[in-house]
């Protein structure tokens with residue numbers, strides 16, 4: 001009898017160009033020997049919390065940096081970020097009267113998918129795109145932008161340091177859950193561990209981006225094999241039939257709290273959302289829905305990207321209305337924020353000229369802007385009109 005070769009591993013989109021690098025296999029082996037960053041009992045605690053969100057008993061605030069820099073792992077940066085996230089979570093809870101599950105984009109959000117593999121610098125030279133500190137350096141030079149596998153070990157080290165600091169802040173009833181986009185196969189696969197059930201031990205929740213959600217892609221197949229809660233970003237190009245298949249694949253047991261769907265349509269394409277909600281409902285796979293009002297509303301202001309609060313708030317309003325009309329629960333928000341008082345996003349029109357430092361990746365909300373967006377969601381969630389909300393705030 002002739003033995004058959006195992007099927008080839010599915011292709012993984014958006015991977016760094018480091019295949020064949022002499023360091024990649026030693027790095028993978030080292031990661032496979034390192035301790036788990038999160039524990040199965042913590043993952044199950046988040047599953048239970050997200051089940052309450054899915055049932056309508058709670059809301060989710062999924063919040064953090066667009067791309068974490070390694071320099072953000074020190075105690076001062078971690079404390080400042082956590083303080084902001086707690087304040088936003090408490091504000092959403094106070095305004096809605098609901099329990100709020102806080103999920104931080106933190107302790108591992110070191111890699112980013114990119115639209116183009118290269119960028120052209122002002123001097124005309126072409127360099128690899130910055131893909132996050134886990135892959136290359138932000139500095140605008142060919143040497144800095146070379147993908148370096150050893151940076152995966154630095155990502156682990158900084159994630160470990162951040163989690164150690166976060167755990168010192170945990171007190172009764174206020175756990176700190178962390179998440180990141182599970183983008184890099186060479187990081188996630190070695191940190192997947194078997195406890196009877198396979199778990200991604202790199203984070204409590206991992207999400208799959210809009211560029212890597214193909215059901216035949218490695219990211220989806222891997223996510224289907226783990227016991228963590230998983231989320232998927234859904235842009236306007238999402239096909240209803242493929243989404244139904246994706247939902248069944250990722251939540252075939254129908255486990256509450258297992259599958260999150262993060263709608264990032266953009267205000268100009270929010271009309272796509274009702275069909276997607278119906279497709280998931282008809283698939284029979286339970287899911288909780290969250291609004292990302294930022295990624296679909298990115299525009300160019302000169303050479304820089306920005307986002308307008310007006311567009312974000314309009315998308316939130318449409319999201320809540322769509323979920324209500326479909327008989328569903330508008331489960332919460334997914335936001336990119338910073339504790340720094342930057343002006344990367346703007347109220348209702350982009351500035352005439354860019355000001356301030358360029359963000360590490362995409363435009364983030366500053367604390368005041370993030371508060372305004374959270375307030376808008378709370379008002380829409382409670383069914384308040386713009387007039388009554390303004391009157392309420394003026395009292």
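Cβ coordinates come from backbone N, Cα and C, glycine included.
Note that TrEMBL annotation is computational and uncurated.
Annotated Mn(2+) binding in TrEMBL involves 66, 295, 336 plus, out of the candidates 90, 94, 362, 368, the residue 362. Record check: TrEMBL places 105, 264 at the phosphoenolpyruvate site, and the matching candidate among 233, 300 is 233. Remark: residue 264 (phosphoenolpyruvate binding site) has 210, 233, 234, 235, 292, 293, 294, 295, 296, 334 as non-local neighbours, by Cβ distance under 8 Å and separation of at least 6 in sequence.
Annotation for the binding-site residues 336, 362: lowest Cβ count within 10 Å of the residue's own Cβ, 362. Residue 362 (Mn(2+) binding site) sits 14 Å from residue 105 (phosphoenolpyruvate binding site), taking the CA atoms of both as reference points.
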